[in-house]
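J.: Before I ask anything, here is the structure I am working with.
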2 protein chains.
Amino acid sequence: MENKQKITGIVVEYNPLHNGHIYHIEQARSITQCDVLIAVMSPNFVQRGEPAFINKWTRTQYALEWGVDLVLELPTPYTIQSAETFATQAVNILAMAQIDTLVYGSETGIIANEPERDIDHQKLEAGLSYAKAMSSHQQGPNDILGKYYIKACQKHNITPIAIKRTNSYHSLELDESIASATAIRHQFNLGNDTSGYTPIDLLNNQTHHLNDYETLIKYSLLASNPKDLENISLVSEGIQNLLISNAHLNLEALIESCTSKRYTRSRIQRTLINILLNQSKDIPEIQQFRVLGMREAGQQHLRYLRKQDVSYTTHFKDYQFKDIEYRATSIYSLPYSDAYQKEQLNMEKSAIIRVPNK
Amino acid sequence: MENKQKITGIVVEYNPLHNGHIYHIEQARSITQCDVLIAVMSPNFVQRGEPAFINKWTRTQYALEWGVDLVLELPTPYTIQSAETFATQAVNILAMAQIDTLVYGSETGIIANEPERDIDHQKLEAGLSYAKAMSSHQQGPNDILGKYYIKACQKHNITPIAIKRTNSYHSLELDESIASATAIRHQFNLGNDTSGYTPIDLLNNQTHHLNDYETLIKYSLLASNPKDLENISLVSEGIQNLLISNAHLNLEALIESCTSKRYTRSRIQRTLINILLNQSKDIPEIQQFRVLGMREAGQQHLRYLRKQDVSYTTHFKDYQFKDIEYRATSIYSLPYSDAYQKEQLNMEKSAIIRVPNK
């Protein structure tokens, strides 16, 4: 039995979901004319080394409502990692779900690095010439990810397609109808109205902020032995000694004091989150993927994959990373109310989000 | 050179110092006619498995002002232990400081247990007959400690003297001029005036409450592997699994749910504090004692001890338990303001309290 359907994958964080992401979903569907659109998503912590602004269940719900057919979980230990590990493992999961095409956002709309120039199946559907793209835009974080997406796609025989991002990743302003997730979080935290930029009702959802974890992060350093921290993912070259010796500072000063050319701010934050989650270097290889939510088309595709003996689960208790994800969600919800934590842990153990096709 | 001075020791927590403690100090001095009164004191966590209500420096200050000549630190890992370990190690330190007599409080004024009946050097200075004491009072926590004090005194050839406590340990009421520390904490937390019962200005000192550590305690469980917790002091028989599986409850419910005939409330609290402090089972033997504060008479006695090659320190950096105490103080002050934590850590590294003789 052969699958004649066109299956497209995207790698997302939706931190939070905004108009640019919706454009990305629409573009991915229209460019590839896919039957099924699958997103692999960062769960409750994100790649930049922060708690997700909104919990993974709400983000799954919105992803499905705005055009994704199937949302899969990128395991937390592979999310709070370097761009290379994040991208490689995300594509790995999408390959398990048998996508034929990956659509990703890019600041330039092209991949500028030497090794990728010879990928002739890369399609520049957004219609930019190489020179024009290069002259008008700088490389951004998504271009760095793009390099690794393409490399991973080559391995799995998946077609990568870049879509040009319509806004600047680094801007903190809300000056277009499409603002970056960073800008939306920033403006929301300033108390400004963000409702024109994201469909999520941020005021009526629990938002999570790195600063809410300040005491826990400092505690995780102060209570630790430097020797034990050597086993934590991303801890290397004695960075834990610097972190511990600055753990009496406030969080911003702690991060600042440990940031250097060698250890970027993101790297320090990711390291702190790995310590916070007590995530050891010994991370299991991904053997199965977990479904966070689906629409009808996604469910049909899952049935197809089941027949192909693809290993996945919709049941938390069967999930390979269940202890790690339970811990991550426990800690993610700990700074907030008991009721919220209880709800999040209950969802972790049993939830799967279902949204009818439009 | 022989020391002709009379040296008396007491074991204290002063949680907080109150009129009953002042009576105890006065009685200890007048009964023994001592030249030097030495207290060994619980530092920032106390034996019942709680943060000390007031930090150790303020408590040292008040102890010296109210009649103690020398305050020594009971190392934290030996404080948050069973009554037997606490009492044995406290007397051990006092023996290093060469006391000849130990004066301790007792609910009955006597020691009722069989093994201690034959201790004929025990002096009942408070003037109660055995029968009278037994008929009018029940054994209390101080009598349980008393058993172990006497046992330790025998080993070190120290004379133990019991003083009858004038109030009930368990009462939560402030109905006499002498109220228990428990009653004072309880009434203070209810917002009631406790100034008639303790000389400490509780309103103008940072008070510490177990509930302020709730999130940290829950985190210390949620972030831990059951296997790793086996190495923590007091963790035995798989109790960590029960603690972890109830770590989503609020702190009171968590403690309650793990309390049983086998695991008393105090035992559970002590276990949680050991986990909070990441205190391993591998606790070094006490090789030296640390001085927290002194009056003139105490300082003279220290000079005498130095000549006897007794090992003690007034410098934190030379202290055998410095890493453990620094960690304990870091965590003890973490739930409060950055300024308070900074002050406490600075004092930890350099403070020694000096009070002139009256």
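In case you wondered, yes, glycine gets a Cβ from its N, Cα and C as well.
According to TrEMBL, the protein carries these features:
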BINDING   A:11-24, A:Gly105, A:Asn142, A:Arg165  ATP binding site
J.: Specify the secondary structure state of A:Val11 (ATP binding site) as given by DSSP, simplified to three classes.
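T.: Its secondary structure by DSSP: strand.
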J.: Would you mind pulling the DSSP three-state label for A:Leu17 (ATP binding site)?
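T.: Its secondary structure by DSSP: coil.
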J.: If I restrict to non-local contacts, at least six residues apart, and a C-beta distance under 8 angstroms, what lies near A:Leu17 (ATP binding site) in its own chain?
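T.: Counting only residues 6 or more apart in sequence, the Cβ neighbours of A:Leu17 (ATP binding site) under 8 Å are A:Arg59, A:Tyr62, A:Ala63, A:Trp66, A:Thr198, A:Pro199, A:Ile200.
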J.: What residue among the binding-site residues A:Tyr14, A:Tyr23 has the most other CB atoms lying within 10 A of its CB?
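T.: When each Cβ's neighbours within 10 Å are tallied, A:Tyr14 leads.
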J.: Might you list, by sequence position, any residue in that chain lying six or more from A:Val11 (ATP binding site) with a Cβ less than 8 Å away from its Cβ?
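T.: The answer is A:Ala39, A:Val40, A:Leu74, A:Ala87, A:Ala90, A:Val91, A:Leu94, A:Leu102, A:Tyr104, A:Leu145, A:Tyr149.
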J.: Taking 10 A as the limit, how many CB atoms besides its own sit near the CB of A:Gly20 (ATP binding site)?
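T.: I get 22 for this one.
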J.: Tally every other Cβ atom lying within 10 Å of the Cβ atom of A:Asn142 (ATP binding site).
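T.: Taking every protein chain into account, the count is 20.
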